[in-house]
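As recorded in TrEMBL, the features of this protein are as follows:
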- 6-25: transmembrane segment (TRANSMEM)
- 70-99: transmembrane segment (TRANSMEM)
- 111-133: transmembrane segment (TRANSMEM)
- 160-284: domain 'Type II secretion system protein GspF' (DOMAIN)
- 270-293: transmembrane segment (TRANSMEM)
- 299-319: transmembrane segment (TRANSMEM)
- 384-404: transmembrane segment (TRANSMEM)
- 416-433: transmembrane segment (TRANSMEM)
- 449-573: domain 'Type II secretion system protein GspF' (DOMAIN)
- 553-577: transmembrane segment (TRANSMEM)
- 608-632: transmembrane segment (TRANSMEM)
- 644-665: transmembrane segment (TRANSMEM)
- 670-744: domain 'DUF7282' (DOMAIN)
- 741-760: region 'Disordered' (REGION)
Amino acid sequence: MAVVGLAPLAVALVGAVLLLARSKVGPVDRALTRIALLVAPAVPERPDRRRLLGAAAVPTTYRTYAAESWVLAALGGLIGGVVGVYLSGWMLVGLPIVAGVVSLAVSRPGLAVLVAVGGFIAAGLTASGISLWRWQRLNNRAIERRRAIDAAIPRTVAFMYALTRGGTSVTDAMWTIGSHREIYGAAADEIDVAVREMELFGADVVTATQRMASRSPSDRFRTFGENLASVLRSGRSVSEFFREQYQQFNDAAADRQAELLDRLATVAEAYVTILVAGVLFLLTILFIIGLTVSETLAIVRALVYLMIPLGTLATIVYLDQSLQGIDVVERTPTDLAPDRDERATTAVDPSTRRRLAIADRVRALRGVVADPWTTFLDRPIRSLVVTVPIAAIVFGAVVVSLDLSTMPVHRLDDAVVWALLLVAGPYSVLRALHRRRIRRVEAAVPDLLDRLASLNEAGMSIVESIERVRESDLGPLDPEVDALWRDLQVGATVTQALDRFQARVGTATVARVTTLVANAHRASGTLGPVLRIAADDVQSTLRLRHQRRQEMFTYLIVVYIAFGVFVLIALVVRLVLIPSLPEVTTVSSSSIPSGGSPLSQVGTANRAAYAVVLSHAVLVQAACSGLVAGQIGEGRVADGVKHAAIMVALAYLIVVVTTGPVAAITVGGASGTTIEVDSATLSNGGYLVVHEESADGPIVGRTDHLAPGTHGDLTIALDRPATDVEVVAYRDADRDRVFDPDRDVSYPEGPGRHAVGLSI
């Protein structure tokens, strides 16, 4: 009967799972689409939402999307109503506190009404939430596209200016940009709207441009499109218009960069103030309170394990959005969407296609085996294929060797840090070398373009110019220009040779330049002005990047200094403050106090646990500060992996060198022949040894070997009755798991209570 009563809830939960996974479940998606098409005629017209759909570039009609939202909201409301009925019933009947009040104040029919009302409320909230989420998702997507379009406009306008200056028509220039989404990003998608209007619907260039401008989410691009349509309608010089727009966007880029740098300065100062200095201040206060007045370990852990990572995540997300807005991030070969190996084939037979695909994979594998260094250097992320399994093996080997029931925190910390450094270290080195190569190549591009332009203006063709240029010194581009000339010698066209040149070099800047030169060459042989414009555009871009790196390097140093102060203060707290607090030197089983003074926590707090959390705070702060420092200083979170690895390695070395092994003992009680130990934490494992009178007195009892970690409820049997004893933690120095007073040594004094004296 109970199973039957839960059947609607089970059906509702299954329906919820199917709705969430509808894009992966074909029949469910098709059924919902058919229902939406039936509902679509009833959807009222909302011009604002229609514009939002166009701004988000969603490939569906307004009525279809709105009808799908209605259907999903209705189904979600039905599911939410069923779940709400069960949840309301459980709250009104199942919770003892609520059930007692309800049974006295509400009759059984009234209870059914309350349950039904709860179901209706849940249904309404669920349906409204789904509908709002569907449209808010479009708004978020439109905002993301606006940032991407604003970042790509200067490059796009420079490209159109260069092409029209070289004799290419506006229509051909728009078609070229629209077909190179991997190079010009979201701006290419916007221009492709005009291209489709002309190709599919036969619109003239003015109407297509107006349509392109009207649906763009970017105000800057909308203004550009409207001005372009006016110029085309009036018959003015399009090349002159693009020149003016190019200069305006260059000036605007410098102004926007200044605003960005001010914003980065504010973010860096806020991060250092709140998540470094502020957290350090709170930790110090909480440590003092926890060790002297009242337990604060839970708050300290929440601060270290939740607040610092979540605050850092929020900072990273904000920085990512800010940096994307002005295209601070330097695009690398991994950002170019289509892989050069993915070419069309004329094979029709499926078996032939499969054989060709296998041949491509085998050729790629041979390339990896023949030159693994270049493979990893081209795409540093590939190093994770090797380092992650190695790190997992190292971590697993350490974990298997430990007794996890004793929670050996220090050994687990070692394993985690080693694994992270094994993954982050090689990736950071490869990425640094990769970015250095990209910067050197891009720095040589303007010189190459200027030389080609001079030779072309002197009357040489592009092929003759390349032959003459390859004899000069172009730095890192020398071997690539030689390869370009060899391609031309063996019969490749200029476009084919430039395509291969772009594939070998693999940078976004070179991709834009080669695309520009190839299209200008097809339009006319006069490439001098085009190359001059391209060189000026690349030079201005590199100049802005250099200025950004110089300015942001200051903020990177600020984060490093703040982290150094954090580590220094944390060491002072761990090595000076915690050990200097007084210990309870004697515990009498017959005189345990029933009350407590304001300082009753002194000597009884788990100081070893506080010390462990403080060490973790240093490591967590190292990882988080490194990621933020890299993103502020170099523009990407991936660049922060290098700084995070450096900071974590330094923090780990400092913690290991300065802290040493840690022990903490809490004695519960004693009798004439036994001692009860409530808790014993031994970072390196070892023994608890009972000495008579003092730590130098004769041994009257001990435990067997204890694994690293925390042990509870231990009983130490005494060899003979004693009145004054001291329980001392010893390390297994010779690692033979057999206690030897001559070879095994006691734990040093530190943040934990390595020895406890008591009177029996």
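Quick reminder: no glycine exception, Cβ is built from N, Cα and C everywhere.
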Secondary structure content of the domain 'DUF7282' (670-744), with strand meaning DSSP E or B: 0 helix, 39 strand, 36 coil
Per-state residue totals over the domain 'Type II secretion system protein GspF' (449-573) - DSSP helix, strand, coil: 106 helix, 0 strand, 19 coil
Chain residues in Cβ proximity to the transmembrane segment (384-404) (below 8 Å; excluding those fewer than six residues from its ends, i.e. six or more beyond): 411-412, 414-416, 418-420, 422-423, 426-427, 707-709
Tally of residues which DSSP labels helix, strand or coil - the domain 'Type II secretion system protein GspF' (160-284): 109 helix, 0 strand, 16 coil
Overall pLDDT of the domain 'Type II secretion system protein GspF' (160-284), taken as the mean: 88
CB contact flag for the transmembrane segment (299-319) and the transmembrane segment (644-665), at least three pairs under 8 A: no
Intrachain neighbours beyond the transmembrane segment (644-665), with Cβ under 8 angstroms and 6 or more residues off its ends: 410, 417, 420-421, 424-425, 428, 560, 563, 567, 571, 574-575, 606-609, 611-612, 615, 618-619, 621-627, 629-630, 677, 679-684, 686, 688, 727, 729, 731, 747-748, 750-756
Residues from the same chain, set at least six apart from the ends of the transmembrane segment (111-133), whose C-beta lies under 8 A from its own: 69-70, 72-74, 76-85, 87-89, 91-93, 102
